[in-house]
Amino acid sequence: MSKQKHSASSGRWLKEHFDDKYANEARKKGYRSRAYFKIEEIQTKDKLLKSGMTVVDLGAAPGGWSQYAAKIIGEEGQIIACDLLPMDPIAGVSFLQGDFRDEAVLDALLERIQPSMVDVVMSDMAPNIAGNNSVDQPRAMYLVELALDMCRQVLAPNGSFVVKVFQGEGFDQFVKEVRDMFKVVKIRKPDSSRARSREVFVVATGYKG
């Protein structure tokens, strides 16, 4: 019995230690967060980002996704980022601080974007966790629905969408909605995403407009 307990706790410790390597690596390389590795892995598999693109980054702070995307799209591209929290400046990124759920913030964001001219909408938004799934999951699904609605307003034909989603109530219906709007939809769980987390990333390409 004690051996079994030891084995389970050792397994948890090893998993935490493995997870920490991403945070440590991010600090060592000057990346804004471990999220940098998530979008890097998605890009390696799905090739969403290309030089010269226009990208919207929702839930951007502290800037891991914007930092990576800016490197790929280069000086010819542009990123419009938004978050409730402040974010240190990144070259090539236009940042708007505010609550994306607020109509005034959404309007201010849309003013910076030409309709149907965005190539990729990225969303790493997550709600403040209350610790009660019956509260947390609807909040999380509300945010991903807002991100999908942003696609309807700004995404160019054949554009792409990548969004963090927590598996649970409303997940299957959301994926169905995305499939109705995009030609190809994949579910990704990057190695740098904690195994115990319910987060996955819906990666959609070929916006039908």
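Note: Cβ is positioned from N, Cα and C throughout, glycine not excepted.
What Swiss-Prot records for the S-adenosyl-L-methionine site is GLY63, TRP65, ASP83, ASP99, and among ASP20, ASP124, ASP136, ASP149 the residue it adds there is ASP124. In the three-state DSSP assignment, the secondary structure recorded for ASP124 (S-adenosyl-L-methionine binding site) is coil.
Between the CA atoms of ASP124 (S-adenosyl-L-methionine binding site) and LYS164 (active site, proton acceptor) there is a gap of 5 Å, rounded to the nearest whole number. In three-state terms derived from DSSP, ASP83 (S-adenosyl-L-methionine binding site) belongs to an extended strand segment.
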